[in-house]
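J.: Before anything else, here's the structure in question.
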Amino acid sequence: MSDSNLSDNHLPDTFFLTGIPGLEAAHFWIAIPFCAMYLVALVGNAALILVIAMDNALHAPMYLFLCLLSLTDLALSSTTVPKMLAILWLHAGEISFGGCLAQMFCVHSIYALESSILLAMAFDRYVAICNPLRYTTILNHAVIGRIGFVGLFRSVAIVSPFIFLLRRLPYCGHRVMTHTYCEHMGIARLACANITVNIVYGLTVALLAMGLDSILIAISYGFILHAVFHLPSHDAQHKALSTCGSHIGIILVFYIPAFFSFLTHRFGHHEVPKHVHIFLANLYVLVPPVLNPILYGARTKEIRSRLLKLLHLGKTSI
């Protein structure tokens, strides 16, 4: 092991991301729907942010949380997909050790932040349906700002130790990672030392952060559904159930692939085919950013009408 391949005595200069193992011959074709999904995510989330930002009537808490969700979706997909496409189309898998850690930090912290936003959105719907008279008092702009700050602080605080846990490990020249982007356990498994601390801390973060978030979200929607079924108007019930159904669907799409990835990395590493694991890991950074503007935005009457109005004004000006 030569000094030219190592820095800080034990840290590699670069890693090499291989893409989806076992499907190398299909990389070019797999990248096409990935690219299409990324473009849809960019356009959809950017349009949602633009519509909410331009219309003062949409500066209510629910829409501000939607705007935050779209911002995190843009950040999550843009952190991973461009490099993913470069690997699948151009075989440009090399990434510096520092760049890999930076991508890992961004992916996990943004994901944790998005989990916090989904929890905040569940709380928003709970207050709106179960305590509507106090809605504007409980969720004013100052409270929303504090919720956003706490979510950001929590995500950075729980993910930052990953960097130090990975930098302490020796890698013994192991540089090839069978993945399309850098994540904590993918890097840790390249080490030639005991990674029990990494496994335990990663599992603790997953359970205490996103696991706790998902439980609180489930409790919130339990109260919401109980309140909805006691509404006197069938139209009000249908509207509330339609909104909640969209929210629950995107929450399931967000959490299920993530928990599958976390758990297989730690307990089913040899039982689950590698290409299945990596393919699902790609989907959980692609599917939510694509679906969020559709399920949360396009199905919301106020946003849909303002978007159509904005498009009409654009055509008129042309």
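Backbone N, Cα and C atoms are what each Cβ position is placed from, and that goes for glycine too.
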J.: Is ASP55 annotated in Swiss-Prot on the same side of the membrane as LEU310?
T.: yes
J.: What three-state secondary structure does DSSP assign to CYS192 (disulfide bond)?
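T.: Where CYS192 (disulfide bond) sits, the three-state DSSP reduction gives coil.
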J.: Determine whether the transmembrane segment (241-261) and the transmembrane segment (29-49) share at least three Cβ pairs under 8 Å, counting only pairs 6 or more apart in sequence.
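T.: In this chain the transmembrane segment (241-261) does not contact the transmembrane segment (29-49) - fewer than 3 Cβ pairs sit under 8 Å.
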J.: Between the transmembrane segment (103-123) and the transmembrane segment (29-49), are there at least three Cβ pairs closer than 8 Å, leaving out pairs fewer than 6 positions apart?
T.: no
J.: Restricting to CB pairs under 8 Å, which listed stretch, 29-49, 58-78, 143-163, 200-220, is in contact most with the transmembrane segment (278-298)?
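T.: Between the stretches 29-49, 58-78, 143-163, 200-220, 29-49 has the largest tally.
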